[in-house]
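Peer 1: One structure follows; several queries about it will come next.
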Amino acid sequence: MIIPVRCFTCGKIVGNKWEAYLGLLQAEYTEGDALDALGLKRYCCRRMLLAHVDLIEKLLNYAPLEK
């Protein structure tokens with residue numbers, strides 16, 4: 001859905017790193033190297049970006065029925 005603002009475990013802010021992470025992946029970085037470049041060293045914070053599934057664009061296609 002929407003990238004969480006903070007890490008669920010330690011509380012570090014990770015929401016502002018999503019766009020930069022995608023940019024690094026487009027620049028042919030591996031996932032691990034991209035996370036290292038963003039300064040995410042803890043595995044709890046790394047999993048927040050690695051496990052995120054970006055579904056918001058697909059969900060916007062389904063508008064609720066108007067009455």
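Note that Cβ sites are derived from N, Cα and C of the backbone, with glycine treated the same way.
Summarising the annotation, Swiss-Prot assigns Zn(2+) binding site to Cys7, Cys10, Cys44, Cys45.
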Peer 1: Taking 10 A as the limit, how many CB atoms besides its own sit near the CB of Cys45 (Zn(2+) binding site)?
Peer 2: 23
Peer 1: Can you give me the residues near the recorded Zn(2+) site, meaning same chain, not Cys7, Cys10, Cys44, Cys45 themselves, Cβ no more than 8 Å from the center of the site's Cβ atoms?
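Peer 2: Going along the sequence, the neighbours appear as Phe8, Thr9, Gly11, Lys12, Val14, Arg42, Tyr43, Arg46, Arg47, Met48.
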Peer 1: Highest CB neighbour count within 10 A among the binding-site residues Cys7, Cys10, Cys44?
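Peer 2: Of the binding-site residues Cys7, Cys10, Cys44, the most buried by Cβ count within 10 Å is Cys7.
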